[in-house]
Amino acid sequence: MYPCGRCRAVAVGPDGRCAACGAYQQPHPSAQPHPTQAHPGQPPYGYAYAYPQPYPYPGAMPGLPGGLPFGGVDLRRGVRIALNVLLGVVALLAMLQIAAIGQQRGVIQDILANGHPGSSASDAAVDDADSFADAMTVLSFLGMAATAVLWVIWFRRVRLNAEVFAPGTHRFGSGWAVGSWFTPVVNLWFPKQMANDIYRASAPGGPQSAPKGLLNAWWTLWIAANVLNTVGDGMSSVASSRLRRPLADSDWKGAVELLNSSLAVSGFSVLLLLADTALALLVVRQLTRMQEQRAMAGPPAMPPVPPVVPPAVPPYGVPFGGAPYGPPPGQNPFSAGPAAS
């Protein structure tokens with residue numbers, strides 16, 4: 001306690017407030033333990049902020065600071081590794097299927113060159129080629145089915161991770177990460193739009209830095225392979241239905257040529273599928289690496305809270321917020337005349 005500059009009562013506490021008259025004074029030097037600051041922007045000991053501070057010290061922000069990993073991100077590698085293995089199996093089966101289609105086309109070209117089939121040798125060649133092609137078709141279907149299951153599991157997982165990175169920026173809910181692949185018509189563009197949103201949310205450098213070339217090439221080949229496969233199946237069905245009926249030589253030759261053309265279209269679709277499978281492997285690798293980097297980078301750094309500057313304290317002996325007692329310097333206190341008695 002030390003004397004008040006207003007009422008002269010020895011009632012001024014460490015906060016500079018006089019308990020007798022309520023005036024604020026500049027704290028006496030003996031009341032200040034140390035002039036240092038605990039943190040930049042914090043007032044010296046003996047002073048208080050003008051209002052309560054929301055954070056431990058100026059510039060601190062609630063929650064995770066920038067540079068710490070995100071929470072709630074699933075980066076387990078089991079599904080991704082299994083998916084990569086199955087994509088490799090699908091690629092191998094696609095190569096075998098291309099070989100089977102090539103064998104079928106070779107038999108058909110021999111038949112077209114030698115005339116109407118009928119010998120036991122030609123029948124055996126046809127049966128062998130068809131058996132090999134049928135086996136590859138079944139195995140390819142099973143491989144694609146297993147891969148599709150793991151693909152939608154992985155795709156939904158990266159979609160949920162992207163929601164953690166950028167909540168509220170996605171055009172579709174996480175349920176569409178599975179349903180969009182199996183819903184007719186919309187499966188032509190919904191999965192691609194979801195993948196675009198996932199890429200933008202997962203890009204370590206921000207949405208504008210998300211790579212697009214690999215993703216666009218993968219989706220383009222996927223659509224092209226499916227369209228050509230549908231066209232090839234349609235041509236094969238028409239040719240097979242014509243060959244089941246008795247035909248003249250000219251009609252029979254036209255049906256066989258149509259079947260040969262359908263095999264060429266189907267073979268090209270499988271070739272595109274093989275290339276698309278390789279791109280799918282790269283997409284999985286690229287997106288996984290992006291999400292790992294994004295998770296380790298943590299939330300974006302928030303701008304620091306500006307330091308709170310304490311209000312200026314008047315000199316010792318001057319009441320808080322006012323001027324010293326008495327008239328201003330140089331002014332006659334009795335300029336208005338003597339006070340009335």
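Glycine is treated like the rest: Cβ placed from N, Cα and C.
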| request: Please find, within the list 232-253, 320-341, the residue stretch that TrEMBL describes as region 'Disordered'. | output: 320-341
| said: Given a Cβ distance threshold of under 8 angstroms, which distant residues of the chain, six or more beyond its ends, lie next to the transmembrane segment (81-102)? | reply: 129, 132-133, 135-137, 139-140, 143-144, 146-147, 150-151, 154, 263, 266-267, 270-271, 273-274, 277-278, 280-281, 284-285
